[in-house]
Structure formats: structure tokens, C-alpha cells
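Here the structure is laid out as C-alpha cells; the discussion comes afterwards.
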Amino acid sequence: PSCFGYPLSIFFIVVNEFCERFSYYGMRAVLTLYFKYFLGWEDNLSTVIYHTFLALCYLTPILGALIADSWLGKFKTIVCLSVVYTIGQAVTAVSSINDLTDHNQDGSPDNLTVHIALSMTGLVLIALGTGGIKPCVSAFGGDQFEDDQEKQRTRFFSIFYLSINAGSLLSTIITPILRAQQCGIHSKQQCYPLAFGVPAALMAVALVVFIVGSGMYKKVKPQGNTMIQVSKCIGFAIKNRFRHRSKEFPKREHWLDWASEKYDKRLIAQIKMVLKVLFLYIPLPMFWAVFDQQGSRWTLQATTMDGNFGSIQIQPDQMQTVNPILIIIMVPVVDAAVYPLIRKCRINFTPLRKMTVGMFLASLAFVAAALLQVQIDKTLPVFPAGSQSQIKIINLGVDDATVQFGSQLEDVTVRPMEWTGYMTFEHSQLQSLNITSGGKNTTKVFDFPEGNRHTLEVKNTETVLVAEWLFDNVTSKPEEGNNLIRFINNLPDTIYVTMGHTSFGALMPLSASNYTLFQGGRKDTITATRDSVICSTTSEAFGFGSAYTIVINECTAETLDVEYSQDIPPNTVHMAWQIPQYFILTCAEVVFSVTGLEFSYSQAPSNMKAVLQAGWLLTVAIGNIIVLIVAGASKLSEQWAEYILFAALLLAVCIIFAIMAYFYTYIDPNEIEAQLDEEEKKQVKKDEDVNEKRAEADSKL
């Protein structure tokens, strides 16, 4: 059955691909943050595991192609591995359920090992599934067309690529929104089970849709895998060459010609063409090493930025959507406008030149990321090093307060209802502090462990000078754009404080609550109850990633008077500043990725496409392995320096690739095939002539 001149079966294949890509990219979008915030891994480990997973996803297609071509056929391979894939997605979703091991119901899992084991099992199954079906689905779609439907087949591959981008775009927008929801049985937190569960459900839908179309598919029987044949031929040539390594054997034109004893001339000629292209692939992994860090390092970079776009609040993992959005816009623009313009300028923009430009642009994108990182680092607060302590003084009284730190250090005077920033001291210099205010005097001993922040609250009351230490217990910026809030009661009575739906409990006079996490970008109602009088006010907006101490000064029936003391400034660099680096990287992808496969196919015979696709995917896998090695081995403490390192490595590789491309001669596989056909015909004719002559001689005898 057909529809608009297309086989009806391909509609099932396109829908299946859309759901599968939605499932894969949706899960992948929240993966780095799941590692960091749910499993509690630090940045480097999260990056390493993320790229290990990606490398696996790009290594398994070779396995999928072998199973499909040599054993099960494409249809059965897609069905079997999709089942594995769906189970993997479900296991990953289960691994992120907090309440699974949260027996004491405190909101954090009690047995992280269970969660890690489950999520790693799930990810291995997903890598097997997604990788295994990757080479089969597009080829299976191509199989549905007859030989005379070349135009429709080309159009199908365009629609297919569009469905991949549509799936990835929608899921990268939707799953971070699901992740940011609050859910849980005993305690509410980020909803990872929903963010992983929806992709799992879509994978199940993809499987069902694919099976429903079963009766309409044209199923081609497995015809043996070219890759195995190619490997055997290369192996035999090397073995044979090694056997005949002594001087007495004449040299052959190409080392592959040593396989001519066992393999036919045509196969050897085809493998030579493939090896020529694969040789050019050697520098390509470095491009993917840079490109795939959008989902790891760049997402982590976005967590330290301000995602407030007016009425919309952008999640850090949603910034990845910039890439598919730009791809959908850029591919047609580049094809319809940019390339024709370059041709008009009489510039010969060959495929290999396009790829060189792509590598250069990707390197540039990482320079942009490094410049942005430098700006972000400027806004980050300085926390005490191991041998230091930091002290902040808040004066809650109506008189000036002077604090003497010791004979070698300067005195600090704080005006009424004002405070200092955090002052850094060498821990060894601090023994005791002498405080004077309104003619009264007191001494406070400093005997805390080093490497922490402390707040000293001072208040001169009518009878006594009060000085109290508050241990701040915060040595890093709040993650994910959340804010930390605590309250100080500057009233003579005990009060009960709530903010939003969070209760801070009873606060005695001049005591402080602990810091509590609040979602970023919100304004909340602060309510205080004093002797059954309830007073409230709306808080100011705290931005993202800040910490505040809120001092309650007055509570009457009408008003609640509060002062805000900023302990950690909010994120000030806007997430929109990531768009330039995404734009440059997407331009790189358009000229590199799209051109790369097109070029490969144009330089090798049609029956070798599988080998080239395997080679291409292998470059992506190796690229991710490079990230593991660099992230693991580089001892760079600064993130911007790591970006520069990657940019420099890619630039060096780009120069090598440009030199390799300069010496490459383009070929036409069809022409070579035609020559081989011609030679074969001549050989057949020759054999026939010889046979005829032999027959004549025999008859004479």
C-alpha cells in the first residue's frame, strides 16, 4: 500500500524514529544533573560517566549492524533491541525514585549504592538498545522503496532527519520542565522519575508503533555483513604480506594487493577506496570531543548562571535546545543561501574545506565558552581556603559597634543596623575579639575549625552588650539556582516565622534559624507571629544562587519590618550569553556533520556505506573517550583553562586535517566500478577466446 507515492510502511518508521529520539535525548538532557544532584557526584565524575555512556552509545551500532546483516535481519534486530532499550529506560526511571531506599523519610536516599547500580544497569541497556538499532532503522526505511523511487527515497531521508531533530528538540524542552517539578511520596524534591519515566513511556510507544506496521514492511533477508568481509580481506592481506616479507618476493603496488590470491579484484579496489576515506577520519574524533560537551560541561556552566527570561524561567539543561532549534533553521539557510553565495564568489568550497571550517568554528565556540567562564568566575564569591576563616559582623543595636581582632589587625566599626561583608583572616591570627558599643565592653573567644564562615551578631541593649556567634556552614554557592534563606529575630520576644510554605519554627530573641533552600527567582510571603499578633510582608526577589540573612526588626498588626543582608550574591551572568557559543557550534555542526557523511558516501562504492557509517560513528565514540581522558588527566583547576585546552587541541587537529585534505584527490567510485566492469568483460572475452582456440586444437587432434 502507498500514500502520496510513498510506501505506507515508512510512516510507521518515521513515527517510531521520532519517539525513539524523543526518548533518548529527553533522558540524556537531564542525565548530567541527575548524576550531580541526585547521586551527589562532583562535576568531573558526572562528566566522565556521561561521556562513557555516550561513547558506548556510538560503539554499539557496529554490533547492531553485525546482528542485523549476518543473523536476525533488520526487522527482528530492531524489535529485540527496542525491548532491551525500553527495559533500560524503565530501570533508569526506577533508579531515580527517591522513596525506593528513603526508609527514614528525610528526603534523601539511604542506600545510594542501589540507585547507582540500577542507573548504571539501565544506562548499559539503553546504550545497547539505542546503538544497536541506530544503523538498522534508517537502512530499513531505505529498504521500503523500489529501485525507481530514488527521488522519494532521498525525500524520506530528509523527513527522517527532521523527525530526529523534532524529537530531540521537544524532549530537551519538556524533560527539564518535568525534572523541575516537585514530587515524592514522603518528601518533595526534583522529579527525576517523571523526567526519565516519560522517555521510557515514549520508547514503549515507539516499539508498539513499529510492531503495528509489521504486516506492511518489505523485509530483506540478511545478506551477510560487508564489514566482516572487509575485515577478513584486510586481515588476509596483512598475514600474506607478513609471510612474504623476504626480499626475494617482488613488491606489490599496494599492501592490499597481497589479498589478491584469495579475494577478487573488485572487492580489493572497493576496500582501497574505503581506506582512503577512513584515513581522513583519523583527526575527526577531536571535533566530537568538543561537540558533545554541550550536554556535560556547558550544562554545568549554565547552573551557575541567571535563567530569568522575564516571565519564563529557563532550566540549565534546557539551554541545550538552542542546538536543535538552530539546526532546523540553519540547515535550509546554509543550503539555500550561504553555499550558493560562496559559489557565486567563485570560491571552490569543497567538502573537505567545509569540514576544516567546521573544526575551526567548533574551536572558536570553546574560546567563547572560556571567555564566558572568566566572566562567571568574576561573580563567584570567595570562600575561605583551608587555613583561613571568614567573619561577618551584623550590628543589631542603635549604637556604633567596634570590633578589635588583635594587635596586628585593623579594628572594624559597624554603624547601627548595618553589617560588613565577609572578611578573610588567617586562622592562626584569630584568638579572641574585643567588642565595644555604647560605652560597654565584652570579649568573644574564637575557637572554631578553620575553613569556615562565621557571623558575629552584636547588640547593645539597655542592660548588657550581647555578642553571639552564628556558624554559617555554607562554603559553596547554592546549586541549581536555588537560594538559601535564614532569619534573625531582633525583637525582645519569641516569634514564629514562616516563608512561603516553609516553617522556620520558634526563634528566641537574638537567635538565628538554620539556612533553608528555596527555589530561585521567586518572591514569597514572610509571616511572623508575635504574642498571637500575625504580621506579614512579601519578600524581595532573591534572584538565583544567592544566600540571605533576613533580620526581623518590628512586628505590629499592620507591618512586618525586615532588613536583607546578602551573604552570597545571586548569579548575575545571564544564560542568554551562552547563545553565541551554541550558535558558533551549530554552524560548525552544519558544515561538518552534514558534509562529512555526504562526502564519505560520494567517495566509496554503494555497498560499502555500512563500513563508512560504522567508521563515522566510531569517530564519535572515540571523541567521547578523549573527553574522559582529558577530564581525568588534566590537573587544571580552572574550568576556563580546560575550555582553552580543548580549543587548542582542536585547532591543532584542524591544521593537520587541512594538510591531509590538501593532498587528498577526489575520486568517482562509479567510474572505477565501470573500469572494473570493462576489465571483467575483457577478461571473460579473453577466456572465451582461449577456450575456443583450445577447442579447435582439440578437434584437430
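Glycine is treated like the rest: Cβ placed from N, Cα and C.
Residue ranges 15-34, 75-94 are listed, and TrEMBL annotates 75-94 among them as transmembrane segment. Only residues 6 or more beyond the boundaries of the transmembrane segment (114-133), in the same chain, are considered here, and those with a CB under 8 A from a CB of the stretch are 20, 24, 27, 34, 38-39, 53, 56-61, 63-64, 67, 77-78, 81-82, 84-96, 100-101. Tertiary proximity for the transmembrane segment (643-664) is limited to same-chain residues at least six positions away from its ends with a CB under 8 Å from its CB atoms, namely 276, 279-280, 283-284, 286-287, 289-290, 293, 297, 350, 352-353, 355-356, 359-360, 362-364, 366-367, 369-370, 373, 630, 634, 636. Counting C-beta pairs under 8 angstroms (sequence separation of 6 or more), the transmembrane segment (325-342) reaches the transmembrane segment (154-174) with 3 or more such pairs.
Note on the transmembrane segment (194-217): residues 1, 7-9, 11-13, 15-20, 22-24, 26-27, 30, 34, 75, 78-79, 82-83, 85-86, 89-90, 92-93, 95-96, 140, 144, 171, 174-176, 178-179, 181, 183 of its chain, located 6 or more positions outside it, place their CB under 8 angstroms from a CB of the stretch. Same-chain neighbours of the transmembrane segment (154-174): 6, 10, 13-15, 17-26, 29, 138, 141-142, 145, 198-199, 317-318, 320-321, 324-325, 327-328, counting only residues six or more beyond its ends whose CB sits under 8 Å from a CB of the stretch. With a cut-off of 8 Å between Cβ atoms, the residues of this chain six or more beyond the transmembrane segment (354-374) that come close are 283, 286-287, 290-291, 297-298, 301, 573, 577-578, 580-582, 584-585, 587-593, 595-596, 599, 638-641, 643-644, 646-648, 650-651, 653-654, 657-658, 661.
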